[in-house]
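Visitor: Marked as compositional bias 'Low complexity' by TrEMBL: 1-15. Summarising the annotation, TrEMBL assigns compositional bias 'Basic and acidic residues' to 16-33. Positions annotated as domain 'UBP-type' by TrEMBL: 59-163. The annotation region 'Disordered' is assigned in TrEMBL to 1-42.
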Amino acid sequence: MSSAAGAGEPSSSSRPGKEREDGGEESNRKEEDQGTAVAEGDVDLELYGAASGWVEARTSCPHLSAMPAAGADELARVPSPDSQCSRCHHPSENWLCLICKDVLCSRFINKHMLCHYQEMGHCIALSFSDLSVWCFACDSYLDAQSILELRPVYEVAHLLKFGERPPFRTLEVLDLSSGQTGSSSLGS
Ligand SMILES: [Zn+2]
Ligand SMILES: [Zn+2]
Ligand SMILES: [Zn+2]
């Protein structure tokens, strides 16, 4: 009878309320899990950024397709890192527009690279002072060492500025493997 059930569970009338509480707890738990996961990801990104010295450098950018394909002709157009600003002839620490290869001064001089972006929509530029790559549209640095589209021009700029290629581990591995393939085919 109902009296027996009532004796075993004195607060049977609170069942609907319990169910409601359970439902509420479940949704709370889901939110907590998502929040924890996001927080952990942020921590990892911050650690990597601090360790590599590239604070907030993006490893992807939706504007890379605006760059011309990095063929030999395009790479031969990369000017010397001590080129002057093409507008005000400021002598040093200029930016190279990676869309049209124009050399323009920084926002700390006469803002000609920024003007160029605002006038032409050319948003990706390489700094001749430290070879960092900035996307004006993303408002962020781009990681030239991990973005394949940026590597060739970064490598040419590094060669022009320092007289040697940058130490790309993955590219060196690629070079070694292709060299081994060539030598083995020559041997046989
Ligand atoms: Zn200028
Ligand atoms: Zn340009
Ligand atoms: Zn971008």
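Cβ coordinates come from backbone N, Cα and C, glycine included.
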Visitor: Within the domain 'UBP-type' (59-163), count helix residues (DSSP H, G, I), strand residues (E, B) and coil residues, in that order.
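Guide: Per-class counts: 32 helix, 15 strand, 58 coil.
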Visitor: For the domain 'UBP-type' (59-163), what's the model's average pLDDT?
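Guide: When the pLDDT values over the domain 'UBP-type' (59-163) are averaged, the result is 96.
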